[in-house]
Amino acid sequence: MKLCRLFLQLFLGLILLPGLARPDPDPLQDYCIADTKSPLYLNGAPCLNPTLALSSHFTTSALAKPGDTKANQFGFSVTLTTLANLPGINTMGLTMARVDIAANGLVPPHSHPRASEVTICLQGVILVGFVDTSNRLFTQKLEPGDSFVFPRGLIHFLYNLEPKKPALAISGLSSQNPGAQIASRAAFVSNPPIPEVVLEKAFQISPQDVAKIRKNLGG
């Protein structure tokens, strides 16, 4: 009897888990153009009156211009579609991103807690990869036209193999607000900082190493 109850609990858990793990809820109408001027703070944004909808709410040129890859020490820039530049994306459960990577630049290991990601290389040669929860690395060299999928929440990276030319990729993410957390910055330049002793033990490094890494990352 006890074994039957355990199987029943497992069965119910497997049935309910997909519903609990869905990235974004489905919209209840054709569209919900973000009312970015509303004072309300919601999970998403309030809807503009549908009678005020315009074609311009569903288009953007935000991804047309290259980003500034010199703005950080890694040599990359990510430009996202947002409610501000594409209000028609509200409640659609997706985000687009332009990824510019300087020569030998790197989008460092990071994760998106609320989204899976599909990346297509448009220019250059990009080494991409992710690590699963068993610490297995999946990696691939992308050339123009090639695509790669990063599963939701897993650590992944993009590295421009070209020593003299920039690379360009476009990504689609399965959430209106995918979130992004760079692993190295989360560990070493959090606010307030993680105690040094924790970092020393976790990474098996010295106090001097902790201080050096924090300085290199701008902490």
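Glycine is treated like the rest: Cβ placed from N, Cα and C.
Since this is a predicted model, take the numbers as computed values, not measurements.
These come from TrEMBL:
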type: BINDING; residues: HIS110, HIS112, GLU117, HIS156; note: Mn(2+) binding site
type: BINDING; residues: HIS112, GLU117; note: oxalate binding site
type: DISULFID; residues: CYS32-CYS47; note: disulfide bond
type: DOMAIN; residues: 61-211; note: domain 'Cupin type-1'
type: SIGNAL; residues: 1-21; note: signal peptide
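Location within the structure of each feature annotated in TrEMBL.
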residue	record	Cβ contacts under 8 Å, 6 or more apart
CYS32	disulfide bond	GLY44, ALA45, CYS47, LEU48, ASN90, THR91
HIS110	Mn(2+) binding site	ILE155, HIS156, PHE157, ALA180, GLN181, ILE182, ALA183
HIS112	Mn(2+) binding site	PHE150, ARG152, GLY153, LEU173, SER175, PRO178, GLY179, ALA180, GLN181
GLU117	Mn(2+) binding site	VAL149, PHE150, HIS156, SER171, GLY172, LEU173, SER174, PRO178
*asked:* Around the C-beta of CYS47 (disulfide bond), how many further C-beta atoms are within 10 angstroms, looking at every protein chain?
replied: 20
*Any idea what the model's mean pLDDT is for the domain 'Cupin type-1' (61-211)?*
97
*Packing count at HIS156 (Mn(2+) binding site) (other Cβ atoms within 10 Å of its Cβ)*: 23
*asked:* Other than HIS110, HIS112, GLU117, HIS156 themselves, what residues in this chain have Cβ atoms within 8 Å of the centroid of the Mn(2+) site's Cβ atoms?
replied: SER111, ALA115, PHE130, PHE150, LEU154, ILE155, PRO178, ALA180
